[in-house]
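Here is the structure we will look at, set down as structure tokens.
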């Protein structure tokens, strides 16, 4: 056991830990906006993939023109593409009142096919994009050097909390998710609130994807999200749809992921089983909380 | 599409006919009419309605069939389409005739073209001066010719126009109305095909191996030809026996997972867990098949199949139980269990050792070798291929047993002859079995290359039957459907929602788990073992299949065969074209799900109209707010006892109390 602690109390582990937390945190906070407005967003995994793909391609394409500025434009593009795809989910599930889970599943299915089609058309290979010459810059010291989305993610926890609980927008968003009929009778435009929630989730999931492709690696590779969207969804539920709860849950799940990565080289626990822990924890957490804390109108189309 | 009081086609029907005919007329002018021949790299000789021939192949002087009749028929089709447009604008009674005639002339043009091309092929086959290689090449060149978008669109549009025109007649309206369930899937497929066409137009540059550059117009024709080429290749497997058997092989696991998702849908549950259930089913089948007692021989096979079902059922029962007992969403739980199942899968066959607290432990499941895979199944637990099962030929010749056909025909004839007699179904089934066994050794010789389609396809068909009987012929199925339609009403009617939730998820899991038999016992991964490259994604494709099949067993089979077909065709497309790969098929499937979820973007009045009785009643009594009732209707209303709707709950309680007092006296 001493070996385990020696492995864990290092700056290298801390860096791995933070890098594992960031995409989860960004995606889960995005999902928070969508689900608090009453729209289930099971498409988060697909949104991450679209964001990662767009970020990598735009950065690679603009690099000869913009140089070190290109990844910043890539970040913007990845977030916008994530928002655009989320908008499709919003149109289908809000305007056409589709089953939100089925619509989200369709987006995830799209994310398994579209990247290959685009990569084949652009570069003739279906699995990865070319490496970008400049990724996002690394800020920090020593081993703890991270790209900007890392700092953005932790700042976002406070911003989300403030927006959700201290602004009129947040009040309306929460009302839309709890009781859209009542919100509508108070003059809140329920559909517009839901659109904004879903699109925000897309912007943030897209940012998470950009962090993966050009903030952490230097290209888009197939299956880059590796189910992070679903773990984020689990963190959102485990965190009871609250910003601070989400932070706690993503810290736990990120820790487990970093543990699995670190244990891969040691002889303490089978890493495959450690990676399954977040999912088991979510199942157990759901047993104890049920759907008690979920926004009450979650998943129900608004008929007004 | 409401029924107009006079017999003229309704404005909606006229608008549909107008759009269809206009699109087809534009298509005749803008797209190539036919492909006169096609080379290996999808390069083609194209014919346009104007009579222009665009040769984009490397062979500039390939002999071409005469095209005069085809062109004449094409122009006739165009004239008929224009007439249909005029008829549709005037909402004339006759436009279904011109629509139908356009369909007929277009089909005739395709037939004339086809016979011209086959005459060319026959001439080349008889030509002795050609080398065998050149002969084969030229014959392939003509065999891949045929109609193109210019003739395909009028065929479709003619049918749509005829249907729209005929919808003015009550009898035909009834007939068409019965097909309404197909509307949303059909529109969804149409829209997905349209988006896919745009993708092909954007990503794939025109194929031109002739060496001479072509004009803008020729380039456009070549590009639009590629759209038709891609789709005709995707759907080509239905036209020949061997590719069709291949597509049935890919359809088999989809039938299982589609049934799984559809079964849960019927009970109001969304089973996203088919991938995990499939994995557990495959693991269970492998455990029995590899480590079961060898002394059982062929007895091991049923045990292994049952184990697959049980493994999946267990993995489905967990979220069902959690939902029934704790109310936690089955969607989240099944997704989480997919990842847990995949972790178990990798843990078992990824490595033969695992570390635990500083010590290495041994795992007996992984076979030695680089690839993650289990040991081979014992021969007794392997499913035969269908060819092996039905081949009754002697001495190497292939002859398929006619028993299944005889049995099917016997069953339907007996069902019809016995009419409504009690136990008619059972008698018919017995007769079918007896005749099937008697004719087992009689075979018809066929030309067929080896097909890997295995007997799990039959298990899938049995699953389809079980689904249908269980859901619509048993009390348990009634309870399941009641819960799916309205849980509260079911609970009120004495049906336990919790019990049925668990039951539904267990059976859904069983269906998905049985898909494991296809991969493990059936050797669909080219070896009779559990392998790391098992495509668990077919679990998600099951969602698409169930949605497209509208959660009916026959619909699931049809959707699975369609998806299996385009999966098979996708491989061909990828081989022929540089920039389009088979992931286009994945995109098409995803778009179909998305568009079906959005109801095909059709208004609810079209997809889910009020029942005709209600419309008729509203028509005879007038709108409710008018307050008028016909004398007969008013009398009927007076005679009906007033239900307690509208009374306050206090009054209701008082009435109940009075009744109880009277009872106790």
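The backbone N, Cα and C atoms fix where each Cβ goes, glycine too.
TrEMBL annotations:
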{"type": "TRANSMEM", "residues": "A:12-32", "note": "transmembrane segment"}
{"type": "TRANSMEM", "residues": "A:39-60", "note": "transmembrane segment"}
{"type": "TRANSMEM", "residues": "A:72-94", "note": "transmembrane segment"}
{"type": "TRANSMEM", "residues": "A:106-126", "note": "transmembrane segment"}
{"type": "TRANSMEM", "residues": "A:146-165", "note": "transmembrane segment"}
{"type": "TRANSMEM", "residues": "A:195-214", "note": "transmembrane segment"}
{"type": "TRANSMEM", "residues": "A:220-239", "note": "transmembrane segment"}
{"type": "TRANSMEM", "residues": "A:246-264", "note": "transmembrane segment"}
{"type": "TRANSMEM", "residues": "A:276-294", "note": "transmembrane segment"}
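Here the transmembrane segment (A:72-94) sits apart from the transmembrane segment (A:12-32); fewer than 3 CB pairs are under 8 Å, leaving out pairs fewer than 6 apart in sequence. Counting same-chain residues at least six beyond the ends of the transmembrane segment (A:106-126), those with a Cβ under 8 angstroms from any Cβ of the stretch are 42-43, 45-47, 49-50, 53, 57, 85, 88-89, 92, 220, 222, 229. By the Cβ criterion (under 8 Å, sequence separation of 6 or more), the transmembrane segment (A:12-32) is not in contact with the transmembrane segment (A:276-294), since fewer than 3 such pairs are found. The transmembrane segment (A:220-239) shares the most Cβ pairs under 8 Å with A:39-60, out of the stretches A:39-60, A:146-165, A:246-264, A:276-294. Below 8 angstroms of C-beta separation, residues 35, 231, 234-235, 237-238, 240-241, 252-253, 256-257 of the same chain, each at least six residues beyond the ends of the transmembrane segment (A:276-294), sit close to that stretch. Packing against the transmembrane segment (A:246-264) from elsewhere in the chain are residues 7-8, 13, 16-22, 24-25, 28-29, 32, 157, 231-232, 234-236, 238-239, 271, 274-275, 277-278, 281: each is 6 or more residues past its ends and has a CB under 8 Å from a CB in it.
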